[in-house]
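Novice: Got these off TrEMBL a minute ago, pasting:
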| type | residues | note |
| --- | --- | --- |
| DOMAIN | 177-290 | domain '1,3-beta-glucan synthase component FKS1-like' |
| TRANSMEM | 334-351 | transmembrane segment |
| TRANSMEM | 412-433 | transmembrane segment |
| TRANSMEM | 440-461 | transmembrane segment |
| TRANSMEM | 500-523 | transmembrane segment |
| TRANSMEM | 1225-1249 | transmembrane segment |
| TRANSMEM | 1270-1294 | transmembrane segment |
| TRANSMEM | 1364-1384 | transmembrane segment |
| TRANSMEM | 1390-1408 | transmembrane segment |
| TRANSMEM | 1521-1549 | transmembrane segment |
| TRANSMEM | 1561-1584 | transmembrane segment |
| TRANSMEM | 1674-1692 | transmembrane segment |
| TRANSMEM | 1713-1739 | transmembrane segment |
Amino acid sequence: MMDIPSPEVDEYPAWCQDDQVPVTKAEIKSIFNELSHKFGFQQSSKENMYHHFLAQLDSRACRTDAQTALISLHVSYIGGENANYRKWYFAAQLDLDDEIGIQNMKLTGKSHQRNKKAAKKRGTTIQQQQKQWKARELEFINEHPRVALSQKQLRDKDCLKAEDYKWKIKMKALTPYQMVRQIALYLLCWGEANQVRFAPECLCFIFKCALDYDTNTIESGNTNALPEYTYLNEVITPIYKFLRNQVYRKNSSGIWVRREHDHANIIGYDDINQLFWYPEGIERIVLNSGIRLVDKDVGERYIHLKNVNWSKAFYKTYYETRTWMHCVPNFNRFWIIHFAPFWFFTAYNSPTLYTKDYTQLLNNSPTSQAKLSAVAFGGAITCLVQIIATLFEWKFVPREWPGAQHLSKRLFGLIVCFALNFMPSLYIFFILDLGTPSKFAFVLSIIQLVFAILTSLFFAIRPLGGLFGSYLNKGSKTRRYSSSQTFTASFPKLHGRSRWFSYGLWVFVFLCKYIESYFFLTLSLRDPIRVLSILKVRCNGDRLLGTLLCEAQPKITLLLMFLSDLGLFFLDTYLWYIICNCIFSIILSFSLGTSIFTPWKNIYSKLPTRIYSKILATSEMDIKYNVEILVSQIWNTIIISMYREHLLSIENLQKLIYQQASDMYNSAARTLKSPTFFIAQDDSTFKSANFFPPNSEAERRISFFAQSLSTPVTEPLLVESMPTFTVIVPHYNEKIILSLKEVIKEESPSNKLTVLEYLKQLYPSEWLNFVRDTKSLNKPSFKKKLNSSQEMEGTMDKHLFNPDYSEDAVDSYDSQSGSVMSIPSMLYKDQEYLIREKINDLPYNYFGFNASDTLYTLRTRMWASLRSQTLFRTICGFMNYEKAIKLLYRVEHTSSFSLYKNDDKMWENELDNLVARKFRMVIAMQRYSKFTAEELEAAEILLRKFPLLHISYILEEECPDDGEIIYYSCLTNGYAQLNERTGLREPIFKIRLSGNPILGDGKSDNQNHSLIFYRGEYIQVIDANQDNYLEECLKIRSVLSEFEELDVDTQIPYIAGIEYDEEPAPVAIVGAREYIFSENIGVLGDIAAGKEQTFGTLFARTLAEIGGKLHYGHPDFINAIFMTTRGGISKAQKSLHLNEDIYAGMNAICRGGRIKHSDYYQCGKGRDLGFGSILNFTTKIGAGMGEQLLSREYYYLGTQLPIDRFLSFFYAHPGFHLNNLFISLSLQLFFLLLLNLGSLNYEVIVCFYDKNASITRLEEPVGCANIKPALNWVSIFVLSIFIVFFIAFAPLIIQEILEKGIWKAFARFIHHILSMAPLFEVFVCQVYSNSLLMDVTFGGAKYIATGRGFAITRVNFSILYSRYATISIYSGIQIFLMLLFATVSMWQPALLWFWITVVSLCFAPFIFNPHQFVFSDFFIDYRNFIHWLSSGNSRYKKECWSNYIKASRAIFTGYKRKTIDDESEMEDKVDKRTRFWNILGAEVIVPLLYFSFNFSAYMFINAQTGAQDVELTNSILRLSIVTFLPIVFNVIILLLGFGISLLTYPFLAFCSASLGSSISFMVHFLSIFIYIIDFEIMWFLQGWNFTRTLILLLTSINLQSFLFKIVTTFCITKEFKNNKPHLAWWTGNWYKTGLSWSVILQPMREYILKIIESSYFAGDFFLGHFLLYMQTPLLFFPFVDYFHSMTLLWLNPTQLVSHKRIFTKKQKRRRNIIIAKYILLYFMLLLNLLFLFIAPFFADELIPEPQSLVLNTPLNRTVQPYKHDNNDTGPFVAPTDPAMGQTVKYITI
């Protein structure tokens, strides 16, 4: 092990070596010791916080004096304007508590009543106490004339100026010793707070009590030492237990399991925290004895905290009820901005709807008052939105919470406003005659319209929280809501350019949106409204309903058209937001110089100068050196690091580095020769050899480095003056280092490639460099060195744990000649030698090694790991900070090296100590103590390679007394002793916890327990799939300066009476760019990379400028003190805070922190590469957004942000997801419209339509239906949807144009199109909307491990089907049937676009499945699909159809708690049942509406419109027959099957293990058969008409689905977690189910379920076969797998490697038999199904009049007549269509 001292023993020179240090290190140590004994803090925690405090002092003192450093820390933690403790102190009115006591304050609600009672017992009143306090306050003001208060301020009882004066006097009186003591006490409280760290104001209260107790005991002299763990056990653990018990409970086995409660029934971190925002909350705290804590003396409250009954104190302060209604109050302005203009535009263009007795031939206009009043009704709609929002706010914010606004006044005002907007319309439309003009009514309507517009504008701009009076502005008249203002509405103001950008963006967005919406959407709807609103159809109707429904068909179609247009009205806002955002980002990129179109001409030639001026702290260097010498050290180190990473060859290295050369005038002198690279790159006429390999990563990195330095970069401080910072990487089970097996062996039999082969194809030049490097290790000279006993250990360490190290540059590079030395050419003359050499090189070329020594295999593993998404890559990348700090110090302090007299070891120790002071990397390895042997080996490699690397982990030990598990938070590093027994490093710090710290989804809890081990002032938050580069790490000083805290203010901020300048809002987070290094790895990887890249760069740039950026994890830098005193760097309530990082950003914004973005610094990041992993990530993000919609943060931001900031927040976050939902909703509405419009078009005689002709022209032929405008509108809708989908590519194209040029952007776009990226985009949109919809409706959001491996594994059809059927395939097949109906009933070319949508929704999982179309694998897949359908009925099988359908059903029902320890119960299953109202809305009302619109189209197409002298048919009976026939049949068959299973089980159970499978096969086969028969009956009953059969099929499916959902929702109880009832149904073995008394009623439940399941089984059988059959033609295309792989993996034809798997003869024979057997079955079924589908097309030749077969039977009049004459229009001479130049013909249907 290297001889480097551990950083923990380092001094803190900036603090300890200052002669003016106000408190010595020994005194600080004494303070920590004294506090630790006094309060019972843990010794290990004390040591940790002691070093934490000294590190912060040292970090501040290195750029100012020690006194100022201490004061500035105290200002940050305790006393400053921006310190969270001070903000809380005044917001919670603790100043009054210190003055008169909360028990004597005039509070609100029940707290006021309790205070009055308590005061009465003491013989006084609240009023007397208030008078005495006011008298003392006035006396204080008179004694301190510098407290300048106006008469108004004197009368204002809530003026804080005097209290601020007192605070500053108190702070100014503190000695440095007392300041240290206060900060130390806070840090000690924080360091052991565990989960309470998520509740910052709760922690402030604990600290306040502890501080008062400390002050009181010092004054009284009573200091009793408490045993260790007292603080943890008595103060923190009770709160922790309360939190844990809210989410978990102990089951009968003593295991903690999750409760069924949803968020609305869980008192979480925020509820606990908000108790301490108001004095009313603190007053609620009651001891077990019943005495209130506030009744105790302030100095004694701390010792009573152990007796507090927290369960009586805490309560819900916001109900996160799982409902969509949160979107109404949270986003009320969004709804108003769209509903009101849509109403104004549409009402103005719908005159026929409010014209009395409108006649087309007259085209009579409505009265003026009617037109204006109809438009003005939009104001009433606006008021209605506000009223609904207020009512729901009443529901979500409990009235007992002191922060809840009084809503009565607001509601009354809104009702009055609604009445003022509504009453004129009531008068004009219902009292006054509609057709009579009235001057009074006209004037009234004008006033109404003006008032409506003003109302809409006011409500659209004004936040709901400040509608009629607000606490949003500072200096409000009352302290009643000061906490809400402080903690939820302290939004940092925008100034200057940012403010104009923010307003300008949204003015342009809505200006463009409203113009486009009016002229493109609304005006296109004007003619369809006119023709459909007056259309009268002459239908005969139905036998039961008559003409009631069919006559309303035009109105139903118009309603659907209105709804579809409204959906587009919402969608195009997001479209314009994307466009304008991109434009504004382009403007910003030009201003910052980050665009390729800005003057980049000299970025390379000026690069040396910019390195000198922007990377080096040249202005502060003591000695000025030659620029070229300093720059050459930086540049050469960067280039050599790339060479050692195998990005460059030795030839590239030689061309790129500075080299020494002989002086042409003085041969003894040496000069520095600059590489020609700097000139060549900027001079297009310069002809030279290539500097980089093709598609080089080194070229990309250097290009960005040069470009970034051309932008404004803050001048850096000297290294020793830079702030200390920490990098934190959370890790759970992400791959650390790839094992040898993972690298060189296929992952599964479905793989065609190994990871190594794939990587070699992706990085061919890097592999060649690596092989050359590895071969150099095998040279005799190296082996001799390796075998040397003196050098063996050092060489092994160098190569094992420094894969970047290479002797290639030493052994093969001739410094004299400057060229690569070659092997003597005579050796190559010997052909045998040449052949032998090539044979010897084969292992290197294939595996990277030729021996199994760890030295060689580990190098290959590391090479592969550094090009995969591994933790090893992340750590290697971010430990470049260590190299960067050392390099910068060496360059800036060249003279310092001479002080060590060439003692390299001492010099290196000095550098290591500097690194330990300035930088720490903490890996939050939650599972380190539970690692497998392979994981421990990988972790040990990391620690040996990077000894300064710190690992935090959770340690579990069993308590010897009671056997309970004790949890510890531990920290270790590479210097810690290795425990040979466990294989773990011994902990440096071992801090006991209150219990299991993982109460949430994991990541945030892991970060929280590790947070106490950070050091310094800033934290960089990193994921375990990121990377960093040396040249980027050199910019760290400039990035940290973005926090605007480098210049520590020497002015003391505690001088009372001085009016200080208002401080700018503190910078809480600095975001950074991301380079997605997984781009170009296949089409899916590139799509995911493009999305991440544009969001992290293009949008982040604009959002940061306009104040809309939040925290998204990744490479963001965090202001550590600001964030850790405000709840930490994430939130952690289980499920609710699934997307944990973004809550830190919202928290920062609400509490006054700014969020910036750095465009000159970037980190690497990997993204998901496979179809499944990308969609898993998408599902997680979508479900996380569903949880965010429920959160209080969205309520605070949505109801309090100014309009421009609200819109920026909305469209950057929830707006994106709601837009996807609107797309899906609009499509569904549109297809329902197509059904109804198609049936209308199919039945009526369409008029000749000339859009240029007069409206009053007589329509021809007489009696026709003029629906042509409605048909034309369909094309407009399709165009809009097309644009909305393809706008997803716009940001990526613009980003590529800005940074790579037009040609590369165009090439990437075309590459995406040819790789079928649009199909994937459509599918992703569906996944986003589905995950959001499912989460808000059912809940169940959880962290999904996406897996970031390479997408080279083929996934079975059955797995893909089960995973995506409910998400998209079911929707896709329904859209397919609806689109097919639209195509045959109203064909338009525009409908072709939606066939792409169908292909995407149904086939995308299979299209993007690697090697999907391999012939043999395809039929093996078919066999697996058949097995998946039929298995799991005799014995438990995890992957089977029965489990899939049960899991789908359990989303509604939930699971019972009862378990019987069966293997089928091992899966993690949520117990809770979905809220009834959620199911009612999503699974009953929505399907009912869907069926209703299907039903209306079905009824109209069967209404015999235009036919004369016909008998009415019974369409409802026909629908009932085809819907219930299969159900009734299944009822009978299942009853028979149940009887057979019961009767045969006693006889066959012991001789046949597959009894259940046999019976289930019989039942399911018959179910399939009856559905085939049912389909043929549909044809028969619809008179062999395909179009009508199709609509009957659709309506029947929707009716059946609706009925099944009704039964599931209202009749089915919870599921058992085991599958015993399912197996018992098929096998008859009910005795051994272990269900106890439940077994009596369980068969009836199973019977109902099996009836439903039989229908579902038939549906999945047909659907699965349909999907397979549609793919079958592709199997017969030559080289289909070859081209498919090229498309997916983006590999050149020469790079494609495909291995044929090797099978034994027995395996081959068995495999061939399986394939042959299932090919036969496959095609036999195909032929049968084709016959049954095609035969009805020709059946009318055999049975031309099917209704004749049912005459004089109960089915009489159920068969629809076919080929009857329905043309009842008058005579007509066909005109010539001017557009077509042809005669228009009208065909009788």
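Positions of Cβ are set from backbone N, Cα and C atoms, glycine also.
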Novice: For the transmembrane segment (1713-1739), what are the same-chain contacts with Cβ under 8 Å, counting residues 6+ beyond its ends?
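Specialist: Hits for the transmembrane segment (1713-1739): 1416, 1419-1420, 1422-1423, 1426, 1572, 1575-1576, 1579-1580, 1584, 1586, 1589, 1665, 1668-1669, 1672.
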Novice: Given the model, what does the mean pLDDT over the domain '1,3-beta-glucan synthase component FKS1-like' (177-290) come out as?
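Specialist: Mean per-residue confidence for the domain '1,3-beta-glucan synthase component FKS1-like' (177-290): 92 out of 100.
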Novice: What parts of the chain pack near the transmembrane segment (1521-1549), using Cβ distances under 8 Å and only residues at least 6 beyond its ends?
Specialist: 1555-1556, 1559-1560, 1562-1563, 1566-1567, 1570-1571, 1574, 1577-1578, 1581, 1592, 1596, 1599-1600, 1603, 1625-1629, 1643, 1647, 1650-1651, 1654-1655, 1658, 1755, 1758
Novice: Using DSSP, how many residues in the domain '1,3-beta-glucan synthase component FKS1-like' (177-290) fall into helix, strand and coil?
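Specialist: Split by secondary structure, the domain '1,3-beta-glucan synthase component FKS1-like' (177-290) comes out as 76 helix, 8 strand, 30 coil.
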Novice: Mind pulling out the one from 1225-1249, 1270-1294, 1674-1692 with the most Cβ pairs under 8 angstroms to the transmembrane segment (1364-1384)?
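Specialist: Maximum Cβ contact count belongs to 1225-1249.
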Novice: Are there residues at least six beyond either end of the transmembrane segment (1225-1249) with Cβ under 8 Å to its Cβ atoms? List them, or say none.
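Specialist: Cβ under 8 Å, 6 or more out: 537, 539, 553-554, 556-557, 560-561, 563-564, 567-568, 571, 1259-1261, 1263-1271, 1274, 1277, 1281, 1329, 1375, 1378-1379, 1381-1382, 1385-1386, 1397, 1490, 1493-1494, 1496-1498, 1500-1501, 1503, 1505-1506, 1587, 1591, 1594, 1766-1769, 1774-1775, 1777, 1784, 1786, 1789.
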